[in-house]
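Presented below is the structure to which this report refers.
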């Protein structure tokens with residue numbers, strides 16, 4: 001196993017002579033094996049090792065015992081160990097993050113703090129080949145693009161993953177051979193997390209019924225898609241100077257140049273532009289990118305879309321601006337939209353409402369702020385946005401298409417209200433003008449078996 005890990009390290013240039021490495025160690029088999037292996041490589045690479053452990057305070061006495069175990073393990077081997085207990089439940093309450101996401105955020109914040117303390121070190125984590133397979137499958141189920149399907153990268157900035165070429169079984173065997181006696185996190189066996197369900201239920205079923213080597217297949221897919229993603233990314237970067245103009249607080253995507261670019265590269269350029277202006281792609285989905293492509297090539301001059309995170313995009317004669325809205329632009333901004341959680345409640349901050357989506361076998365009649373659909377007739381996922389130029393739908397009870405603009409006029413809905421009305425869509429088009437009229441698409445019939453109920457909460461929608 002040492003030879004396999006060394007080959008992976010050398011292939012991807014994970015270690016350089018005289019590197020300082022912060023090893024993230026939970027006390028579990030993955031991180032304990034990682035620590036032991038890197039300690040074996042200290043002389044060969046002339047590296048220095050320090051250890052960092054975070055007690056997330058999520059599992060009471062169990063996590064406290066794991067912290068003590070890691071400290072003792074390091075002390076017996078004369079390894080420097082930084083450790084800290086961080087109140088993740090309090091952070092969850094403060095930020096609204098899930099337990100899994102909150103733990104990851106505070107963990108990496110602390111790891112980078114330790115890395116800075118010891119002089120800008122690299123951070124090594126114990127992700128392995130099984131983790132890669134789980135990640136790829138999970139992202140496929142979520143409908144991710146190449147950036148998600150390529151999975152975990154051997155190196156990502158200051159993070160290195162030396163064990164990504166070895167399996168969980170290899171690691172367990174290594175721990176036994178070297179008498180490491182790791183601790184096992186009980187939360188890894190809880191099925192309320194999607195990743196755990198994939199590992200405990202889905203992957204074993206796929207191995208048993210469809211492909212005994214499904215993990216290898218998923219990892220191979222990650223490699224292939226990763227290479228293709230890198231090609232698209234590098235292509236986007238290479239034509240950036242021609243297709244994108246940096247103007248003060250904005251980036252201009254030049255429509256004339258962008259028309260010559262393959263759609264895959266167009267998407268990547270848009271993602272790069274958003275990331276450059278906003279610092280990250282948090283909250284940006286495929287739906288948002290496609291909306292911007294539509295706006296770039298077919299949008300009305302002067303139209304504006306507001307992205308999650310507050311970034312403004314607006315259409316000009318030259319193309320699409322990404323960045324601060326100039327004072328010359330006076331059009332009212334539209335809400336570009338976001339994906340709805342199914343089932344669950346999604347907060348729509350820009351509109352001051354929450355939208356609840358539920359699946360049920362019980363038939364319920366639609367009401368003003370609640371619409372019910374035949375779940376099997378919808379093209380998921382669902383999105384919420386505000387009106388757009390050219391919007392059409394087939395009102396429930398009618399046979400023909402009707403412009404949303406004409407519907408608003410007929411219903412005498414004032415101009416001031418129109419841009420704050422949520423419009424619920426699936427991949428096939430408009431399903432519901434929230435609080436007003438439902439579309440014929442997804443209409444409930446006597447043959448409907450599963451009902452999808454969408455509710456607008458907090459009485460944010462008012463008829464005029």
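Placed from the backbone N, Cα and C atoms, the Cβ positions cover glycine too.
Just so you know, TrEMBL annotations are computer predictions that nobody has curated.
Keep in mind that what you see is a predicted model, and the values were worked out from it rather than measured.
Some features that TrEMBL has for this protein:
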- 26, 27, 28, 29, 30, 31: ATP binding site (BINDING)
- 382-454: domain 'Lysidine-tRNA(Ile) synthetase C-terminal' (DOMAIN)
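Annotation: 29 carries the greatest number of neighbouring Cβ atoms among the binding-site residues 28, 29 [cut-off 10 Å, Cβ to Cβ]. When pLDDT is averaged over the domain 'Lysidine-tRNA(Ile) synthetase C-terminal' (382-454), the result is 89. Annotated ATP site 26, 27, 28, 29, 30, 31; additional same-chain residues within 8 Å of its Cβ mean position, judged by their own Cβ, are 25, 32, 33, 34, 126, 182, 183, 185.
In the three-state DSSP classification, residue 31 (ATP binding site) falls within a helix. Counting only same-chain residues six or more apart in sequence, the Cβ atoms lying under 8 angstroms from the Cβ of residue 26 (ATP binding site) belong to 53, 54, 66, 70, 126, 183, 185. The number of other CB atoms found within 10 A of the CB of residue 31 (ATP binding site), across every protein chain shown, is 23. Sequence-distant neighbours of residue 30 (ATP binding site): residues of the same chain at least 6 apart with a C-beta under 8 Å from its C-beta are 126, 127, 128, 131, 163, 168, 171. Counting residues of the domain 'Lysidine-tRNA(Ile) synthetase C-terminal' (382-454) by DSSP class, helix then strand then coil, yields 11 helix, 24 strand, 38 coil.
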